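So the structure is just underneath, and the comments pick up after that.
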Amino acid sequence: MTINSIFLMVLTGLQLGAIYALIALGLTLIFGTLGVVNFAHGALYLIAAYCAVFAAQSLGFGLAIVLVPIILFIFGIAMERGLIRFFYQRPHTDQILVTFGIAIVVEEVLKWMFGANNIPFALPSWGAGQVLFYGLGANVPAAIPGIRVPMPFLEGFAFFPAWRLLLIIVTAVTIFALFALLQFTRFGLVLRAGMRDPEMLRFLGVNVTIRFSILFGIGAMIAGIAGVFGGPVTQVSPTVGMALLVPSFLVVVIGGMGSMLGALVAALLLGMASSFTTGFAAAVGDPTAKMALTALQQIVVYLVAVVVLLIRPRGLFGKKGIFE
Amino acid sequence: MKLTDKHLTRRGLLKAGAATSLVLAAPLHFVRGAWAQEKAIGTFPAGTSGSSVKYGFIVPQTGAYADEGADELRAYQLAVKHLNGGGGMLETMKPLSLKGNGVLGKKVEYVTGDTQTNPDAARQAAQRAIERDKVIMFSGGSSSAVAVAQQYLAQDKGVIFMDALTHSNDTTGKDRRRYGFRHFFNAYQSGIALGPILAERYGKDRRAFHLTADYTWGHTQYESIRDATEKQGWTTVNNIMTPLGAPDFSQYLTAAINSDADVLILNHYGKDMVNSLTQAVQFGMRDMQKNGRNIEVVVPLYSELMAKGAGDNIAGVLGTANFNEKLDDPGSAAFIKAFTDEYGFPPSQAAQTAYVQTLLYSNAVEQAGTFYPPEVIKALEGAEIEGIGPGKALYRAEDHQCFHDILVVEGKAPSDRQNQYDLLKIVKQVPREEVTYPADIPAFGGKDAQLGAYEPSA
């Protein structure tokens, strides 16, 4: 295995983790603050991806990037005001049932409107193509187009899709922005206080309700960002929401329910685990080891979950008393 | 009860043996007329006593293959319309016993069910159609896992099942059943048809990397294409099984890029194929070079619906198909015209096989002069029919696989398309003789593969 293959596997792991992280982030944010297990989060991703396809086709990709998160923000607030708020005081099982129900309705409505097969979601021309990474003294032919990034440890050069690198960057920026919002703003301060003791805040005359509603909207908005940037990668079909929800929920559980840092670490862990077991399965020569690794790459995500939860039942960064 | 009470005594064993050999020695011919009493089998005669008969169309209405299911259902409805009122392939099919006044003078009606692209749900839906609606035949399916499950149910119940979309070798291989018939082609035939063309286009010393859907169809597809390409001199570098419905294939594509393979073969169907192909293009695999040659991507099983989903990425990608809406033989033309007139767009290959299967079954009933399943099965076995597609089709008696010409197709570049349905072009029509193989080869279960009895034991 060369240094170049390992480098590509790391990038792949980061990118796989990025999609999980973006979806898990919204899930864990809503759970950590509002205490609601939102199984409709995959459906929010789905709505975002479908909106993005049509916005990109009619208005251009640039506008889709701006519009779709706003649409999802509004949708999120409407969902919180119209349905979710009635479930704050109900048990988690009720919340799961109602949000899972929403997920099924959204999936079937989209299937009814646009069919069960994929809708092509092409990359914008500025986001297509490859980024070229080159090592020291590499002789890169001048004819190869696209962005070039020096990477001194590489032998020769290697490519990675530009859009997937962008996805990694967008995820990093989103996480940082969310962290800053909660940690360094007055809004974040009130929210964190509201999570501790909403009643006391109400006595002090703070309108917690509206802030909770906005927070739910932000969670949906992150699903919107995931839909616009992840849609061209995962493609757009009615089942993709559920296909992403399961590993993303796993990320939340492995990271520790409600922990944002945990979700980030767990997403990276799962991404790297998928990427490296597949990479090793392809690279290994011994037939028995190959068979074992090929089987392993299909279940590695769940295996990691089992091991982590056996050692740390509350997840990597889980706190006592949450979801117990 | 003591356990020993259950044991057969030596005397009992002898008696049972004698009885069995007596039964076996009796002439078990079901030649029409010679077998005066038709026994009750499955829904016969209960399902045929009225002035109409019911067919059961069990297709995926929800789940991953719902679009294929919807197109199958359109074709079934059209077939019923033609059976009752004439038209379509009833004007081209030879030999033809159907008269366009129903089947054996009985009006054809139908019930539908949902397989949910899930073998358990499919069995339940079929069971309901058989027990509640007394369907005399059922058809449908858009997954080999479903088709195989339905064939076993058909054999248990004694109700004939006409497979629709199923491409796994197992359907007419190790899982072949007396009560199951497949008109669609299979993975092995895809290999025979595609191998020489791949070698001709891309050279004889290519190195292939396979990604394979992890279920019965994917496995037989991989083995068939691997054998066919290795016969042409290709090397198989690697094969990785991918879970069904994976949203992101980047780890698999990275593994392919990291290898020394210069051809990527995607043994995927439906959404998996659309995703893996689209993402391979995003990874620049169509513009990349390995071993001094362009990397090529191959999709062994193509469908119009998949081509639509993959958009511009199919340009120049080779694969195989059972049918294409540009075929101009009289049978295909009649069907395409009738379908397009009815629905406003051309039929997919899922629709074509569903339509033909319904007609083939009905024609066999008319020819046998009875709905009695063993007679209908015999009429289908070895039947050679013209006017249901290019050339003559043969329903082989040994394994119930229908043999006919199949197609090697290539995705069209957006600039070559006449309209939104014009996605694939026919590279070669491979004659039936070239895609015929012995029924007992290992890929199809070898000598152990048996169809089972004409009369189900139940």
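Glycine is treated like the rest: Cβ placed from N, Cα and C.
Positions annotated as transmembrane segment by TrEMBL: A:7-31 (among others). Taking Cβ pairs closer than 8 Å, the transmembrane segment (A:7-31) reaches residues 37-38, 41-42, 44-45, 133, 151, 153-154, 158, 160, 164-165, 167-168, 170-171, 174-175, 178, 215-216, 218-220, 222-223, 225-226, 229-230, 233-234, 244-245, 247-249, 251-252, 255, 257-260, 262-264, 266-276, 279, 323 in its own chain, all 6 or more past its ends.
Annotation source TrEMBL lists transmembrane segment at A:43-75 (among others).
With a threshold of 8 Å between CB atoms, the same-chain residues lying at least 6 positions outside the transmembrane segment (A:96-114) that come near it are 36-43, 46-47, 50, 79, 83-84, 87, 238-239, 241-242, 245. The transmembrane segment feature in TrEMBL is assigned to A:96-114 (among others).
The annotation transmembrane segment is assigned in TrEMBL to A:162-182 (among others).
Among residues of the same chain six or more beyond the transmembrane segment (A:203-229), those with a C-beta under 8 A of the stretch's C-beta atoms are 19, 22-23, 25-27, 29-30, 33-34, 38, 41, 44-49, 51-52, 64-65, 68-77, 79-81, 84-85, 163, 166-167, 170, 174, 178, 181, 187, 190-191, 193-194. Here TrEMBL flags A:203-229 (among others) as transmembrane segment.
As annotated by TrEMBL, transmembrane segment applies to A:235-254 (among others). Taking Cβ pairs closer than 8 Å, the transmembrane segment (A:235-254) reaches residues 19-21, 23-24, 27-28, 31, 39, 41-46, 49-50, 52-53, 103, 106-108, 110-111, 114, 116-121, 262-263, 266-267, 269-270, 301-302, 304-305, 308-309, 315-316 in its own chain, all 6 or more past its ends.
Sequence annotations record features per position, and here TrEMBL assigns transmembrane segment to A:261-285 (among others). Tertiary neighbourhood of the transmembrane segment (A:261-285): same-chain residues 1, 5-6, 9-10, 12-18, 20-21, 24-25, 27-28, 175, 247, 250-252, 254-255, 293-294, 296-297, 300-301, 304, 308, 315-318, selected by CB-CB distance under 8 Å and a gap of 6+ residues from either end.
Under the heading transmembrane segment, TrEMBL lists A:291-311 (among others).
For the transmembrane segment (A:162-182), the residues of the chain that approach it from at least six positions outside its boundaries are 11, 14-15, 18-19, 21-22, 25, 29, 123, 127-131, 146-147, 188, 191-192, 218, 222, 225, 229-230, 232-233, 260, 264, judged by C-beta separation under 8 angstroms.
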